[in-house]
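Single-structure report; data block below.
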């Protein structure tokens, strides 16, 4: 059985290698191969264009993560839903450059926004006297990027974090 299967594969390979431009199957096969090659080239071009824009945006912000606001104001639960629907996340800066990029958005809008602090965090930027759970169980960043405990019911600027893994 294996011998028959191997023979069939060998014959198919020989048939495909010969091209057979004149018969309809050969023409169709050549057309499919040509289409795949065109699609591969288009994909490579799109990937290059995407990476160029992403690198330019990252260069401008100093962070691989992008922080974007839709200028809406909302409570923590609304923010989670909005960011999820947009394909992003609630901001969670892991490094100083990410926190700076996040703070730039807040400074530009002159508003505070929620963020999530991982436990244990590699990076924190708590303001003096913070965290203070008496102020609330959520965390917000001020326009300078300093972190404060906050109520989850505060209406703050909606900012979502986006990052790309390639």
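Glycine is treated like the rest: Cβ placed from N, Cα and C.
What Swiss-Prot says about this protein:
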DISULFID  83-160  disulfide bond
DISULFID  138-152  disulfide bond
DOMAIN    46-161  domain 'C-type lectin'
CARBOHYD  122  N-linked glycosylation site
SIGNAL    1-19  signal peptide
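For the pair the residue listed as 'N-linked glycosylation site' and residue 160 (disulfide bond), the C-alpha distance works out to 20 angstrom. When Cβ atoms from all protein chains are considered, those within 10 Å of residue 160 (disulfide bond) total 23, not counting its own. Residue 152 (disulfide bond) and residue 160 (disulfide bond) have their C-alpha atoms 16 Å apart, to the nearest angstrom. Break the domain 'C-type lectin' (46-161) down by DSSP state and the numbers are 44 helix, 28 strand, 44 coil. All protein chains shown were included, and the count of other CB atoms within 10 Å of the CB of residue 152 (disulfide bond) stands at 15. Cβ-based neighbour count (10 Å, all protein chains) for the residue listed as 'N-linked glycosylation site' stands at 7.
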